[in-house]
Amino acid sequence: MRIWGPMPNLFRMGQPALKISSSYRNIIYVHTVCISPNHPTATALSSVFQETNEQKLYKIATELLKTERAYVTRLNLLDQVFCAKLTEEALKGTFPVDVVKNIFSNISSINTFHNQFLLPDLEKRMGEWESTPRLGDILQNLTPFLKMYAEYVKNFDNAMELLKQWTDRSPQFKAIIQDIQSQEACGSLTLQHHMLEPVQRVPRYEMLLKDYLKKLPQDDPDRRDAEKSLDIIAMAATHSNSAIRKSDNLKKLLEIYEMLGEEEDIVNASNEFIKEGHILKLAARNTSAMERYLFLFNNMLLYCVPKFSLGGAKYTVRTRIGIEGMKVLETINEDYPHTFQVSGKERTLELQARQDLNPPHNTPYRAFQETIEIFHQKNETFKSASKDVEEVSVSTAELGKRAPRWIRDKEVTMCMKCKEPFNALTRRRHHCRACGYVVCWKCSDNKVALEYDSNKINKVCKDCYSILTGEEKAEGKKKGILEIEAAQFSGSSIICGFLQHCEKNKPWGKVWCVIPEKEALVLYLYGAPQDVKAQSSIPLLGYSVEDSPRPADPPASFRLSQSKSVHSFVAESEELKQRWLKVIRVAVTGEVPESQMPNDATANATDTQETSSDST
């Protein structure tokens, strides 16, 4: 055997193998000796290695405790700082409290478990390690609480979307996050980075536990508990793999976002980073080559210029080129080898791979080719899925009478009605309950009763709506409905009257508002009571109602919000405000509200219309 280390007086085969002067005992030697397996020296060596193995087990346990302490610190930061500060501001009416709850999910429960149970148990065990050297029983206490992680991981994509939406939408929301991120406790990391910690924690337990079991003797009393814990933790970790892959991509997107000076639409779950690197761009008018930098994603190419600054952004985006319709072609240039042309709808570029950074066998040209091929393959998948659906979809005669086969989300990449690509923020996947197609929210913004589902109201696509109701459902603003006269709606409405209205940053304006009996879930906005066409309509279903006063809001005000759409209203009195809220709060749930227009109120509405007509 070969021994690396200080040479002890241990190797003896009748005669000393080597005599060492005391002044050289700290010198490291390499010495080869032959020892019989039955020799006492072999037993002594075995004892030495057993001690080393125990030290490795102790080291793993120490590493677990160290990382657990750091993890609890991150959980406290998420729960007691970020979540607490945002909730405190939300209670003032600045933004909905539900937004904060949906972003941080069950982080408070996870924090409580680790802070009050798992970490104290680990600290206690490490304090008594000499008498009780085991981890399996401690980690087994973790397994019943893994469901909390499943809930957190499941909500992670939605949390990232909400975080981005409200950072863009609310200055106060953004200011609170930036203020906390600037503190030393954040370690110069963003909130998104800290929110990745729970996603990555369970696989970390799995890795440490596997290492622990490798060092643990087969007959050790802790093996049974440790193996049982690993089985359950490993199963939970497999559910996190997809989220971890997404989180790794998200980390890279965040880095690019910062490198580009907070360029829009970078941190998006639909964006998949593929490649980046320096490139030379050949000028069209002369033979010079300019230093540029490329970021290649699954759906676009960012052509960037280096930015010379001491801090902050490193590059400026010069051009975005979509992968759809892009072509890449190798070109021949005597002065510049390994050149190729990238041609897209937005711009055509002639580029040369820098040989010091991109060897010929791994040129960006290949990355472009592969990305374009994958993009087209996904589109072909969509076409194939559409073709298959034609064979298995329900017939027109059976539509609504028989449950359809739902097309799998992963089988399509774009809406099967309007052909627009899906993304995680503005165009998400929905299923038509009549035909089973995967469509976007715009194409599924229709509801009818379906016979196979006990005549319950279900979401259907626009085509199924037309077939089942016999009515044409136009896209966007419905011309036929908007051109109905305000007087016609006002005469048979649940509630109507003047309100001050403001959308986003537009100026306030006085509008005649009507919620008709026939369209009880829609609020119509007219310029005046006798107008023959509405200015706009607001489908109330799914909107959030907020009536808590904000410092800058006038009295008797309330707001309707959904995604990035925010409508602010002001009534003439608190009493009128409460009447409107009584109707709207019912309508946003999908229920038909009771009429707030008794006979005398209807007459008053008619009088108001006539007065308005006379004054003009």
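Counting begins at 1 with the first residue displayed.
Backbone N, Cα and C atoms are what each Cβ position is placed from, and that goes for glycine too.
Record features, source TrEMBL:
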type	residues	note
COMPBIAS	596-616	compositional bias 'Polar residues'
DOMAIN	56-243	domain 'DH'
DOMAIN	272-373	domain 'PH'
DOMAIN	409-469	domain 'FYVE-type'
DOMAIN	492-589	domain 'PH'
REGION	592-616	region 'Disordered'
For this session: For the domain 'PH' (492-589), name the stretch out of 56-243, 272-373, 409-469 with the most CB-CB pairs under 8 Å.
Result: 56-243
For this session: List the helix, strand and coil residue totals of the domain 'FYVE-type' (409-469) as derived from DSSP.
Result: 14 helix, 18 strand, 29 coil
Problem set entry | the domain 'FYVE-type' (409-469) [mean pLDDT, rounded to integer] | 81
Problem set entry | the domain 'PH' (492-589): DSSP-derived helix, strand, coil residue counts | 14 helix, 43 strand, 41 coil
Problem set entry | Residue distribution over DSSP helix, strand and coil in the domain 'PH' (272-373) | 13 helix, 49 strand, 40 coil
